[in-house]
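Marked as transmembrane segment by TrEMBL: 72-90, 127-147, 190-211, 244-264. Sequence annotations record features per position, and here TrEMBL assigns domain 'EF-hand' to 320-353.
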Amino acid sequence: MANDDKPDQPLLSDAKDACINAHEKKSLQRKRLVQSNNGDTSDVRHQERNGIHSLKWLESFLEKQKFSFKQVLILFSVYLGVGTSGFFFTMNQIDGKKTHGFVDAMYLCVVTMTTVGYGDLVPHSVLAKLIASVYVFFGMAMVGIILSKAADYIVEKQEVLLVRAINIRGKLGSTQILKEVENHKVEYKLLSAVAILLVLIVVGTAFLCLIENFEVVDAFYCVCSTMTTLGYGDESFSTTTGRLFAVFWILSSTLCLAQFFCYLTELYTELRQKLLVKRVLTRNMTSSDLESADLDHDKVVSAAEFIVYTLKEMGKIDDNDISLVMERFKKLDIDHSGTLTESDIVQSHSSRS
């Protein structure tokens with residue numbers, strides 16, 4: 001009996017262990033389920049935190065842009081003031097139809113710096129010609145650099161609002177809005193530029209018709225020749241009110257048209273890039289592709305090698321980029337193991353210090 005009982009003990013023990021294991025397994029499953037639920041909640045909270053953080057970053061970015069815009073405005077005002085003063089004190093050396101000394105001087109500044117050059121006011125003395133020559137070079141640089149920053153600030157500030165307007169329901173969360181802006185950034189910039197451009201065309205045409213007594217066709221013709229800085233000179237602003245309006249309108253319209261073409265080019269480039277990416281990701285790989293992707297020539301393509309090869313095919317990186325990254329990796333890989341560890345980083349920092 002004693003001998004018979006001995007083999008029973010392990011069986012009972014195994015059964016007990018099996019029950020315990022089953023209980024532990026169920027407990028572990030419950031814990032995993034709770035952790036999974038908590039993980040989902042954490043993911044949602046993490047996304048919300050990311051959305052809030054992104055919005056804060058966007059607000060911070062706009063504040064910095066706002067500060068930069070103020071600096072730009074001050075610098076531009078100083079530049080315009082100096083030019084206006086120069087032309088004002090040499091107004092008797094400038095030919096053409098004049099209305100008001102100060103307004104004419106400011107108007108001539110804007111027409112010169114934007115290269116519109118109507119020809120209704122022209123310098124005829126040596127001093128006036130020298131002032132105009134120097135002013136136009138600095139003016140083109142101002143328009144190209146300073147005013148573009150101002151436009152970037154305005155467009156960046158309006159992008160989130162534009163997303164809300166385009167999406168009819170307009171009840172997207174912070175994260176979705178920012179993602180939408182990022183995915184269609186160039187399109188929204190282009191739409192903003194088109195909207196502002198249309199408003200400027202309508203306002204300019206209406207003003208010329210009502211104040212300068214132009215016919216509708218002549219007004220539209222003058223608006224187009226001004227915006228494109230063509231400036232034939234047969235149609236221009238000839239009254240004090242008209243020239244004062246032209247100071248602000250010419251600056252806004254020429255800048256907006258330049259930004260429109262810039263965004264149009266950017267959109268075209270982005271679309272071509274997306275088509276290239278789609279083609280690379282959807283085409284079938286060949287043996288030659290596999291050989292090209294095998295960077296270390298071990299006849300096996302790792303995930304990292306495949307990613308590098310695909311990015312290279314997309315045109316996002318080139319051989320120079322890969323070489324620079326590999327050089328960086330070799331410098332960090334202190335023990336030459338082919339991998340980076342914490343000890344490599346520590347040794348790298350100690351060697352620098």
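In case you wondered, yes, glycine gets a Cβ from its N, Cα and C as well.
Where the annotation comes from TrEMBL, it is an automatic prediction and has not been curated.
On a predicted model such as this, the values are computed, not experimentally measured, just so you know.
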Using DSSP, what is the helix/strand/coil residue split across the domain 'EF-hand' (320-353)?
24 helix, 0 strand, 10 coil
Near the transmembrane segment (244-264), which residues from the same chain, at least 6 beyond its ends, have a CB less than 8 A from one of its CBs?
103, 106-107, 110-111, 114, 116, 143, 147-148, 150-151, 155, 186, 189-190, 193-194, 196-197, 200-201, 203-204, 207, 211, 223, 226-229, 237
PLDDT averaged over every residue in the domain 'EF-hand' (320-353):
79
Chain residues outside the transmembrane segment (190-211) and at least six past its termini with a C-beta under 8 angstroms from it:
155, 158-159, 162, 218-220, 222-223, 226-227, 237, 239, 241-242, 245, 249, 252-253, 256-257, 259-260, 263-264, 267
